[in-house]
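Contents: one structure, followed by commentary.
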Amino acid sequence: MFNWLKKSAATIAQRDKVLQQAPSAAHTELSAITSSAFGEPVAGGASVEKQTVLDSITACCENIRLKPPAFKSIQCVVLIASGKGGVGKSTTAANLAMALAAKGVRTGLLDADIYGPSVPTLFGLQGHKVTSPDNKLMLPLRQHRVVLQSIGFLVDPEQASVWRGPMASQALLQLINETVWPDLDVLLIDMPPGTGDIQLTLSQKLPVTGAIVVTTPQDLALADAKKAITMFQQVNIPLLGLVENMSFYVCPSCGAQDDVFGTAGGLHLAERYHVPVLGQLPLQSAIRLQADSGVALDKGDEAMNTLYQTISLALLQRLSGDVPEHTSVEIMITDD
Ligand SMILES: Nc1ncnc2c1ncn2[C@@H]1O[C@H](COP(=O)(O)OP(=O)(O)OP(=O)(O)O)[C@@H](O)[C@H]1O
């Protein structure tokens, strides 16, 4: 049951070590570490006590709860962004939320991807709607231990898809302001793809602790990820890390690895912009299957669960450390 703990701790220790190296060298080792989650146990994993990781999670949560909350009773608000659509931002956000929640971290996920809300599907809640007992504030849903709010729980997604920039931004700000959030350690916000007006407005107006950028190693995606990094730097939002998704494919028959979208592009980008790498994820049908079926992460593929646990722990460690304050916070509360 606690195999993931041993693996995750060993993986994080190894990852932190290899990330001190140049991206090309780091890529080879990170890939090996990631691949090991699919078969052989991580080298050295057996020597790491599960208690160490549990202690680490507890310590991180304690540190996070000592800090002033980012917004109401929410300690940390983390934007999950990507310059380009379709790189796996929503899948990553949902699985990180489930990974955190499964280990007792009080976690919420706000689906701000107004033009393509996917939280209802990713959590198996298609057709569900939020309720508002007082006709003013909305009660979020809860699934797989994650507190959830999505534009998809309010309106028909086709209705939202025709909203123009200001209308969409306003709707999203209301979504965060007018939801009755319980006490949370972390609220992840799945942002709409791109770096246009909506993203810029939201980045300026949301009460943000920091941002994660998800990208594939492909040049096209990297160019857009670069724009997202630059946008966050311009609005003074700390970059908590980069997740490289679809980093490589491992053939289930022969075990050969193919870097479908290029090699280590995300790592090079992260190094250039001094953004920590939280982890790499393979292109794997288990990830797509679990996303489509809406089942809990820990009920799906064990190797996948281990990888997301590793990345979520890296995020938790970042949040519990010294994150520079986002100084340009401006919260808009609307009554209507
Ligand atoms: N690592 C992965 N391996 C296999 N399939 C993946 C992986 N990551 C994401 N996918 C699949 O890729 C597709 C796009 O993922 P997702 O919707 O998360 O991307 P996105 O960046 O949020 O897209 P958009 O910006 O359009 O909302 C989905 O079908 C998802 O199941």
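Cβ from N, Cα, C; glycine included.
Under the heading ATP binding site, TrEMBL lists GLY83, LYS84, GLY85, GLY86, VAL87, GLY88, LYS89, SER90.
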Candidates GLY86, GLY88: member of the binding-site residues with the richest Cβ shell (10 Å):
GLY88
Just counting, how many other CB atoms are there within 10 A of the CB of LYS84 (ATP binding site)?
21
ATP site, defined by GLY83, LYS84, GLY85, GLY86, VAL87, GLY88, LYS89, SER90: further same-chain residues with Cβ within 8 Å of the Cβ centre:
SER82, PRO193, VAL214, THR215, THR216, ALA221
Provide the number of Cβ atoms within 10 Å of the Cβ of SER90 (ATP binding site), excluding the reference atom itself.
26
